[in-house]
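The structure under discussion appears below in the form of structure tokens.
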């Protein structure tokens with residue numbers, strides 16, 4: 001399936017690719033679910049629930065496409081499953097990125113504005129994609145041909161918009177983290193910043209690959225690779241989480257960090273007896289942030 005019509009069957013090579021990507025996605029999803037449940041001490045807060053829902057949505061989205069491509073059931077049932085998984089996967093990941101911003105960004109006004117942006121994008125992009133996708137998989141050829149054109153346009157738009165949204169959230173996070181680390185210039189902090197930048201570059205590359213697949217007409221490859229990309233991005237979130245605990249727990253405005261530390265059981269964080277995290281022993285002064293989980 002090298003065209004942009006969602007109704008065409010998969011070629012044999014793409015069937016093998018789908019099987020491999022689906023297996024990888026399900027494996028990563030199960031691992032992420034277990035990791036989320038094991039990492040958090042208390043199952044509450046937006047950070048926890050957005051991580052958990054996003055991880056579960058990977059299986060839902062993959063299952064929907066498996067039924068769509070291989071099962072002799074109604075396209076509308078398959079698309080419903082696909083869309084539910086897609087909503088939670090894409091917007092859920094943005095909420096993961098937003099909820100951890102509380103640990104490094106202490107401006108309620110900026111945080112609220114970013115949340116409004118996420119909600120606005122969700123409404124403006126999820127609704128037209130939903131309507132056009134249902135029409136594009138219609139068994140009626142006349143209806144399908146009319147809706148496929150619109151679906152191809154909105155599919156490209158939503159990919160770019162969500163990619164830009166996630167890039168913006170990552171950029172703000174890196175910027176605010178760098179500001180915090182400049183307050184305590186230690187070599188270990190510079191290493192943390194380099195690691196965070198590298199992780200976010202990998203995430204950006206994954207987004208670019210998905211967009212390239214779509215714009216080169218490889219629709220099937222795009223839809224089967226996207227859950228894999230999101231599973232990798234969520235897995236990298238735990239690498240960021242470990243670094244984030246180190247940064248936020250030693251920040252000046254540390255109310256968010258204290259709440260976060262109460263919620264997360266993170267075994268890889270060094271103890272404060274280690275030289276690299278002696279800054280965590282300093283008593284954090286009052287901050288205005290709210291807990292990220």
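Placed from the backbone N, Cα and C atoms, the Cβ positions cover glycine too.
Annotations in TrEMBL come from automatic prediction, not curation.
Marked as domain 'DUF7703' by TrEMBL: 18-246.
Here TrEMBL flags 274-293 as region 'Disordered'.
According to TrEMBL, the transmembrane segment annotation covers 20-40 (among others).
Residues or ranges marked as transmembrane segment in TrEMBL: 47-70 (among others).
Counting same-chain residues at least six beyond the ends of the transmembrane segment (76-98), those with a Cβ under 8 angstroms from any Cβ of the stretch are 46-47, 50-51, 53-54, 56-65, 67-68, 111, 114-115, 118, 121-122, 126, 129-130, 133-134, 137, 162, 165-166, 169-170, 173, 227, 230, 233-234, 237. Residues annotated as transmembrane segment in TrEMBL: 76-98 (among others).
Positions annotated as transmembrane segment by TrEMBL: 110-137 (among others).
Per TrEMBL, the feature transmembrane segment maps to 157-175 (among others).
Under the heading transmembrane segment, TrEMBL lists 196-225 (among others).
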Contacting positions for the transmembrane segment (196-225) when only residues 6+ beyond its ends and CB under 8 Å are counted: 1-6, 10-11, 14, 17-18, 21-22, 65, 155-156, 159-160, 163, 166-167, 170-171, 173-174, 177, 232-233, 236, 239-240, 243
Average model confidence [pLDDT] within the domain 'DUF7703' (18-246): 88
